[in-house]
Amino acid sequence: MRCDRVWSKARLATFAAGRPGIGVVEDGVVASLSGRIVYAGPATEAPAFEALETLDCEGRWITPGLIDPHTHLVFGGDRAREFELRLAGATYEEIARAGGGIVSTMKATRAASEGELVASALPRLDALIAEGLTTIEIKSGYGLSLDDELKSLRAARALADVRKVSVTTTFLGAHALPPEYEGDPDGYIDHVCYQMIPAVAAEGLADAVDAFCEGIGFSRAQTRRVFQAARERGLPVKLHAEQLSNLDGAALAAEFGALSADHLEHLDGAGIAAMAQAGTTAVLLPGAFYFVRETRLPPIQALRAAGVPLALATDCNPGTSPLTSLLLTLNMAATLFRMTVDECLAGVTREAARAIGRLDHIGTLEAGKSCDLAIWDIERPAQLVYRMGFNPLHARVWKGL
């Protein structure tokens with residue numbers, strides 16, 4: 001078999017559907033051609049390779065490149081002062097209603113140029129890449145005007161031009177009510193549906209549309225309108241749902257065949273059943289749970305029992321999860337949410353790919369998929385979840401290089 005590169009003498013965690021658990025292959029080989037995997041499996045079953053380069057992994061573990069399926073990586077400014085206020089007793093809702101929160105970041109984002117947004121996001125992206133990230137989802141949602149939302153999405157896309165990483169973008173215009181629409185949330189949703197989404201779609205700047213369905217965000221009826229507008233433009237949807245209360249957002253997301261519903265601390269049985277039936281992935285965000293000192297756990301066992309796919313993400317954002325470590329996210333998910341090692345690792349590979357609609361292309365070590373790899377100096381995969389402040393990444397491969 002002709003190929004560009006071969007990684008031999010490796011232990012693989014393939015996450016392939018046909019293998020149990022995380023798909024372990026003890027004596028494994030991965031081969032790539034033109035950026036795609038052409039073989040991933042046991043050395044004893046591998047064809048004869050004609051390779052330009054063969055790399056001896058010396059028994060190291062190879063997983064798919066890590067995927068962060070929920071971030072707000074592009075934003076202006078900083079919210080460290082709000083962190084101090086929260087430590088002094090202020091709640092997320094109190095800070096938001098006092099003009100802080102998302103709106104304060106909106107002002108800084110509007111004031112920044114596209115280039116400035118790219119420059120400020122790069123250190124955050126680099127921190128994730130340093131831990132084996134190869135694909136990231138990035139939302140807009142801090143511009144909250146047509147021009148500034150477009151600027152934010154362009155900045156997110158531009159990150160893929162300056163780093164070897166795949167970026168998927170999500171339009172989150174329905175994130176918060178901008179000051180110019182104070183007292184008129186329906187008027188703002190009109191703007192999102194009739195001006196913003198058509199413009200975003202026309203420029204091809206978004207791979208999906210998201211909304212914040214919450215008491216301090218937008219109602220279920222308003223979210224439905226956003227989803228209908230997205231559907232008319234052929235864009236899949238995602239939803240911030242049931243984080244602070246239960247507005248039946250997850251069930252609404254499932255009704256529209258959403259890729260994912262995210263947060264879910266207040267999710268109920270009806271929402272779980274709807275997600276399971278629709279095949280909507282649950283994206284769990286332990287960093288936000290930790291940072292805002294939430295006490296209500298997402299219903300992990302009920303989601304697990306219903307067969308809802310479980311993905312994990314950093315939720316990197318300036319206000320409620322300034323987290324740029326997927327490895328720490330793994331430990332938080334295991335420690336706080338009682339997820340298993342296998343669930344955690346699948347949550348940042350296979351299930352994360354599912355959550356962004358890219359499972360046909362990334363997320364597992366299988367022939368035909370992008371050759372995105374993370375190569376680790378570990379004895380067993382559990383060490384990626386168990387250790388904190390520990391980065392055993394040996395090498396990262398993106399599209400075969």
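Cβ coordinates are placed from backbone N, Cα and C, and glycine is handled just like the others.
Database features (Swiss-Prot):
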{"type": "BINDING", "residues": "HIS70, HIS72, HIS240, ASP315", "note": "Fe(3+) binding site"}
{"type": "BINDING", "residues": "HIS70, HIS72, HIS240, ASP315", "note": "Zn(2+) binding site"}
{"type": "BINDING", "residues": "ARG79, TYR142, HIS175, GLN243, THR320", "note": "4-imidazolone-5-propanoate binding site"}
{"type": "BINDING", "residues": "TYR142, ASN317, GLY319", "note": "N-formimidoyl-L-glutamate binding site"}
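Less than 8 angstroms from the CB of ASN317 (N-formimidoyl-L-glutamate binding site) sit THR71, HIS72, PHE75, ALA288, each of them six or more residues away in the same chain. Note on proximity: among ARG79, TYR142, HIS240, GLN243, the binding-site residues of the record, the Cα nearest GLY319 (N-formimidoyl-L-glutamate binding site) is that of ARG79. Annotation for HIS175 (4-imidazolone-5-propanoate binding site): same-chain Cβ neighbours under 8 Å, separated by at least 6 residues, are ILE102, LYS139, SER140, GLY141, TYR142, LEU144, ASP210, ALA211, PHE212, GLY217. A simple way to gauge crowding: the CB of HIS70 (Fe(3+) binding site) has 30 other CB atoms within 10 angstroms, across all the protein chains here.
Between the C-alpha atoms of HIS240 (Fe(3+) binding site) and THR320 (4-imidazolone-5-propanoate binding site), the distance comes to 13 Å. With the fewest other C-beta atoms within 10 Å around its C-beta, ARG79 stands out among the binding-site residues HIS72, ARG79, HIS240. Around the Cβ of TYR142 (4-imidazolone-5-propanoate binding site), 30 further Cβ atoms fall within 10 Å across all displayed protein chains.
Report note: the Fe(3+) site is defined by HIS70, HIS72, HIS240, ASP315, and the residues of the same chain whose CB lies within 8 Å of the CB centroid of those residues, excluding them, are THR71, LYS139, ASP262, HIS263, VAL283, LEU285, ALA288, ALA313, CYS316, ASN317, SER321. In this structure the alpha carbons, written CA, of ASP315 (Fe(3+) binding site) and GLN243 (4-imidazolone-5-propanoate binding site) are 12 Å apart.
Cβ contacts within 10 Å of GLN243 (4-imidazolone-5-propanoate binding site), excluding its own Cβ and spanning all protein chains shown: 28. For the pair HIS70 (Fe(3+) binding site) and ARG79 (4-imidazolone-5-propanoate binding site), the C-alpha distance works out to 19 angstrom. The Cβ of THR320 (4-imidazolone-5-propanoate binding site) lies under 8 Å from the Cβ of TYR92, ALA288, PHE291, VAL292, each of which sits 6+ residues away along the same chain.
Sequence-ordered, the extra residues of this chain that approach the N-formimidoyl-L-glutamate site, with Cβ no more than 8 Å from the Cβ center of TYR142, ASN317, GLY319, are HIS72, PHE75, ARG79, GLY101, ILE102, THR105, GLY141, PRO318, THR320.
Between the binding-site residues ASP315, GLY319, ASP315 has the most other Cβ atoms inside 10 Å of its own Cβ, all protein chains included.
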